[in-house]
Every structure is written in C-alpha cells, then in structure tokens.
Number of protein chains: 2
Amino acid sequence: MQFQISREFIEEIEQLVEEKNNKQLLLHLEDLHHADIAEILDELSLDDATYVIKLLGSDKTAEVLMELDEDDREKVLNNLTAKEIAEEIEEMDTDDAADIVAELSPEIKERVISHIEDEEHADNIVELLRYDEDSAGGLMAKELVKVNENWSVTGCMSEMREQAENVRRVHSIYVVDNKNRLKGRLSLKDLLTAPSSAQISDIYIDKVDYVNVHTEGEEVARIMQKYDLEAIPVVNEMGKLVGRITIDDIVDFIREEAEKDYQMAAGISEGVEADDSVWQLTRARLPWLILALLGGFISVSVLETFDSAMQKHAALFFFVPLIAAMAGNVGVQSSAIVLQGLANKSLKGSLLNRLIKEVLLSLFNGFVLSVLLIAGGMLLLDLDFDFGLTVGISLISVIITASLIGTFVPIILDKQGIDPAMATGPFITTSNDICGILIYFSIAKLILGF
Amino acid sequence: MQFQISREFIEEIEQLVEEKNNKQLLLHLEDLHHADIAEILDELSLDDATYVIKLLGSDKTAEVLMELDEDDREKVLNNLTAKEIAEEIEEMDTDDAADIVAELSPEIKERVISHIEDEEHADNIVELLRYDEDSAGGLMAKELVKVNENWSVTGCMSEMREQAENVRRVHSIYVVDNKNRLKGRLSLKDLLTAPSSAQISDIYIDKVDYVNVHTEGEEVARIMQKYDLEAIPVVNEMGKLVGRITIDDIVDFIREEAEKDYQMAAGISEGVEADDSVWQLTRARLPWLILALLGGFISVSVLETFDSAMQKHAALFFFVPLIAAMAGNVGVQSSAIVLQGLANKSLKGSLLNRLIKEVLLSLFNGFVLSVLLIAGGMLLLDLDFDFGLTVGISLISVIITASLIGTFVPIILDKQGIDPAMATGPFITTSNDICGILIYFSIAKLILGF
C-alpha cells in the first residue's frame, strides 16, 4: 500500500521532464502524497525538481516544499521569483509559511511578503516571525476554531462552519470572551445536543490546558505528552488566544530534540545529517575534535611528569589506555542517564541521595571490574600481585571519580541555566581521561613509589 | 494554569490519608488530571498510594495507573486483588489494558482475565497479548469507528453514534466490506452533506494508509510522521481491519526509541532511568564496562609488543591517550551520524560515494588536527620535528581509520539485519582505541625505527 520509491520510477520521471511531457508527468504525480513527491524531488537534479514544482499547482507544491530537506528547499526557492514563492505561501498554514519565510534572505523576505495577496495571512506570518522558533509562539499556527462565550448555539454553528473552512483538522473548539481572552473549550458533542436557544457560556468546559507564547518548545512537548493532548491553545501576555499548536508539529520537535541531544553527546553540533556537505560536517565536528586535542595535550603533560616511573614500572604505561577508556565509558554512562532524567523531569530526590547512590553503584561496579582486572592481569599478562593491586585500586578510584563527574557536571550546568547536553560526549570523556590518568599515576606512586 | 506539585500539597495528602479523611481527600483530588494524580502517587509511600487508588473510582484510577512509573505500578498492583485489578482494566482502552496485563505474572494474569466481566473486552485483550509489544499489533487498540460499505448514510449515522460511545477520540471513520476487509475511509464532512439515501460505497475515499499487525513500531512511527497521520488503521494477514494506532501512543514510542538509541550509544542497555535501583543500573551498565575492560586488555598487549620503543622514544607512550581519544571521538561522531541517517531512512547514494566522502572529510579534519598537533607539540612540549611528524601522520591515519570503522560497521550490521545501535558507544570506542594504538606504533616504528 505504501508508495515505494524506485530507481526505475525516478528515471521515468527524468525522461518525462526531458521530453517536457507535462501530461504524462501530471498523470504520474497527481495521485501521490506530497511527502512522496518530496522524496522524488530529493532524487532529481535541481533543474528537474524546479520544473516539476512549477508544473504542479501551488496547492500541491506548497505541501511538497514543506516536506523537502531544508537545503534542497533553499535551492528550489532560489529558482523561483518572489511572486512564485508568495503563491506557494498563500497555500500554506501560517506556521509552515512562517518557517519558510524565516529561511529566506532579508531582502527576498520583504519582497515575498509584499506579494502575498491575502492581507490577513501576511499579517499572521509577520506576527509569527516575531517569536523565537523554539518557543510556543514560533511553533503555533494562527488557524483555529474559536467561539465567543456570549454567542447562542445557533449563531455559533454557522460561525464555526465558516472558520472550519480554513482549518485542516479541527481538534478543539476554543471559547473566548469579548476581549478574545481564552475562557475554555467546547465539546462538539455538547454543542450538538444543546438546545439551540442555549448560550455558549452555559455549555462550555472551563478547564483547558494552554501555554504562553514564550513557553519553551521542550515544555510544550512535555505538557502535550503528559496530558495526551492533540492540540493546545497558545495565549499572549494578556491571556488572549493567539494560536494553537498541534501534535504533529510537536512530534517533529520531539524527534529533533532527541537527535540534537544525542548528537551533542557524540560531539556534533548544529544538527547535521549524513548527507550534508563535507564543509558542513567539518564545521559541526572539528571544534569538538580540537577540544579533545587540547585535552590530549594536557594528558601528555600529565604523563611527562610521571616519566620517572618508566625505569622501574614501564608496565604502568601499558595500562594507560585501559584506565582512560574505563573512565570515559563510565562518565558517558552516568551523564547520559542524568541527561535523560533532566530532559524528562524525572530526576527526583535530593543531591545527597544521588551522591550516595552513584558512589555505591561505582564502588560495586568498580570492585567487580578491578577483581576481573587483577585476575586477568595475573593470568593473562603475568603481572605480579602488587602491581595488579595498584592498577585495581586505581581503577576503582577512577570509576568513582568518573561517575561523579558524569553525574554532577550536567546537574550543576542545568542549575546554572546552561544546556546540560554540552557536558556530555567529548567534554566528559576528555576531562575523565585527564583526571583518570592523574589519579592512576598518583596512586601508583603512593603504592609502588618511584 | 498547569498543576504544580508541591511539598506542602504532598504533606497535606499524607496527613489526610493518615486521618482517613476520605471526603477531604476526594475534594483535593477530584479536579486533578489523572497524570497529575499519578505524579502525586509517585511521591507517596506504597501504602498511602494504594489507599488513594482504592478510594478513587476505577474510572479515574484506571487512567492514573497507566501514567504511573512501571515499577510503582507493579507494586501498587501487588496490593490489589485480581478482582480489583480486573475492575481497573474494564475501564481501560484495550491497548492500555493489554499493556498492564502483560506486566502481570502468568498466574495472576489468568485470574485477572477471568474476572473481566465484559467478554468482548477480555477477548480483545487476549488477542492483543499475542502480538510482539513493539509491533503494530502490540501498539494498536481495538477501539475504532468503522462502517460497512453497503450501509446507507442513514443507517450508518445511528451505527456510528453507538460505536463512538466506546471511542475516546474518533479521528477517522474506516470503511470495510462484508468480510471486514479495509476498503477506505470516510470524511465526516462528506457523510454530513451526502443525501440520506446514498450508500457508503458512493461517498467513501478509497485511499487510506494502513499497516499490517506485524509492521515494526519504528516503521509505523516513520509512516505516521512522514504522512502527518493522527491515526492509522491496522489490518491482519487477510486484510481485515483489526485495530488502529493513534499518534499519542506513537509519540511515547518515538521518545522511547530515541532514548534507547542514545542509551545504547552511551553503553547502557535495557532502558534504565536515573531513579532505578543500583542493581538495575548495574545490570544495564556493567556488561558494557566488561566489554571495554576486555578491549583494554588487548590494548595492553598491543603496547607490550612495542616496549622496545621505550628506551629510545619514551615520549611515544605519552601520546597514547591523545591518539586513543581522537580515534574514539571521531568514531563516535561518524557512527552517530550514520545511525541517525539509518533511523530516519535519509541515507542516500552509493556506498562508494559515502566512502569517498568520509575519506575526504577525515583527510581534511585530520590534516588540520595534525598541523595543530605538530605546532602545539613543538611549541608547548618542545618536541623535535621528526617526532612531531610521526605523531601527526599517525593522527591522520588513525582519524581516517576511525571514521571508516564508525561509518561502515553500523551500515554493515544494518544490512545483516542487526540493530546498528549495538555498534556505537563502547564497541566503537574500544575497537578504535585498539586499532588507533596499533596504527600509531606501526607508523612510528616505520619512521623512527626501534
């Protein structure tokens, strides 16, 4: 049932574009979902893609444009005039339209807006552009169905039919007062069963979840997930109803946020994709690698200060990557768990309890690993017991330290209002490498003496 | 507007439970959303929570139970009789009910099912239990609104009203034939505007996205996101309509999947949370650490084979953690990008193109980092140029190797049908540590000779 894009189909489309066989092209594409057409355009050359966009009516291509990759969309839009872009935008919901307009360069942006014929639509887009794109204001659409609490049921029905024309999915009917302040919501069932002489104020439900235009997207996502909402109204500072956010926009947001956190943890900034250019990928990856390189320099200096050990206990140096790797792994584990707890707001209990728990956990894990290390080292690598004990005790200490750093650095950053995801990945592994090596050699010096 | 849980409120509830002041308790709780009540119960002792659950009617507590943490829910259910659990389950939608029943021990499961009075409900739950919990069958609910293509519009309306009673949100009306095979969907607008003598077969839309009971949850999530669907019907092997999945269940699934991938990458299995017990956390973390320890042993052996370098070029050993860290970081970056590309199905182009791109990218990044390393090493650490060059050339080679391992191991696993997320985190960093050190000393041996 699902459309499956194939090499043959793409080649057929390319052939038809080359022949300028518009009739066959339209036949091939008219029944496809806009998301599928976007997939096809992703595979075509820029010229071919632009040809198809211009051929299809803007009621269809408006949706296709929204589904395109941001980079591809930018290129396609560059091939269209401001008037052509404005025609696409006329067909879009205000939230999508504002997203597209926000991507345009300042001078084109102004030209495009001036070409939008529906003045209310243009006003709405300009209003949405004012908000931060990750806030409720930046995520909301202006399209919604609302009724005045002072209307009668009969008047309400005809008003609603008109409003519903502009709204793809109704989800909820919101109730406002004469000053457009959000008062509650109306259930369609209650509306249909109420006597036609009744007033809206008699039948509406005065409990409704809402968010403010400045509420952060993450918080909107949390509320909508917690209360299983499919749409949530957005009010401004004066409590006036100014828009609504639907769950499909939030699904994208949740996925993007989860990907961003994971990428940060992997040492990648800017939300790149595998198909971005070498230059974009470098910009996202190189800074983190330079940070790790600087950390590497510090670890070189630390090791240099212990070079007196090299004469008597050369084997200590063979265990450096093992100790560093354990420190890095434990740190990443601890920080990932805390980070997800912070993101879900599921971290409970006091800092002291968390401290005790992390120490217990790493004592236990560290003990098991140290026993394995000592046993393995004596059996496989022929180490003497004293040396094994030194490495084992170091390992426990390094694991405890790494888990504490991994746990508390994100918590402290979060309390300071800094994104705790910054503290995962390269940052945690690098600082744990350095601390780990320092602890390891300090303990070795104490026990073995050199 | 949103309910904010406070220490004072919890203490008030605890006080009221102790006084057995049921009237005040109900007053405090009756207006709260079930998700908020669940948050409160999370903070109470098990006995207090059970008291509140038993006090509230099962129409309310059924929803509260669904919102509870799995561990807390297990404990609360242990305090209820099979009959009491069955009463809660009667009030739940079939998908939620099946999830709860699946968590029970086998003997209690049977007793609970036998206590469910609504036979159809029980049958539905038993049917849902048959499916894998991550498949469309495991995610779907039996509640939906469907009409027969042979019905008239008038007959359809009264049938629908009856069905809608059992369905929280209608979303879509599905059309089936006499054998219950999915034929299409019906728009409420078309139904309302059609002449009452018309047949459903005249007005339904024969294009409808659907999934099979065995479709994997990830694929369901991808389709619903791609086509912006709020609900999708599920058919069995014979094309019969057996259930539907709504977007709110998929939102949870998407979040959980994203968290799982990130946790895997951080070396944590089983989807643990920060508030799980030390034992659960150990089970999720220790196996990965043991894997890293084994890798560490190999790196010790590799270093031992190069111990002849220690006399003439001791400084080589100081750079081991730097080289290992760079290999690890590059590998994690590459694998994270590929993994997200695989998850979103956005990886395009041939393997050869990807190979060329990764080599180009790592050549460029490696070159920049090596220049920094040589310059930094000579200025800060007083290295001679030959030595710096050795480390620099090693660094480029290590970075290229690490990025190729990070890119292609997940791709190869994915082609073999193995979860590519397995290949991130500890696995990638450990194998890159070993390869990196091996390459580093081999190149050093070639250039410096020892």
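Glycine residues also receive a Cβ, built from the backbone N, Cα and C atoms like all the rest.
Whatever TrEMBL says is automated annotation, not expert-curated.
For the domain 'CBS' (B:140-203), the DSSP-based tally of helix, strand and coil residues reads 22 helix, 17 strand, 25 coil. For B:140-203 (among others), the entry in TrEMBL reads domain 'CBS'.
Per TrEMBL, domain 'CBS' is recorded for B:204-260 (among others). Across the domain 'CBS' (B:204-260), mean pLDDT in this model comes to 88.
The list of residues near the transmembrane segment (B:286-303) in space but at least 6 beyond its ends in sequence, with Cβ under 8 angstroms from a Cβ of it, reads 267-269, 317, 320, 324, 425-427, 429-431, 433-434, 437-438, 441. The transmembrane segment annotation in TrEMBL covers B:286-303 (among others).
Positions annotated as transmembrane segment by TrEMBL: B:315-339 (among others).
Residues annotated as transmembrane segment in TrEMBL: B:359-381 (among others).
Here the transmembrane segment (B:387-413) has long-range neighbours at 313, 315-316, 319, 323, 326-328, 330-335, 337-339, 342, 347, 351, 354-355, 358-359, 361-363, 365-367, 369-371, 373-374, 377-378, 419-424, 427-428, 431-432, 435-436, 439-440, 443-444, 447-448, meaning same-chain residues at least 6 beyond its ends whose C-beta is under 8 angstroms from one of its own. The feature transmembrane segment is assigned by TrEMBL to B:387-413 (among others).
The DSSP breakdown of the domain 'CBS' (B:204-260) into helical (H, G, I), extended (E, B) and coil residues amounts to 24 helix, 16 strand, 17 coil.
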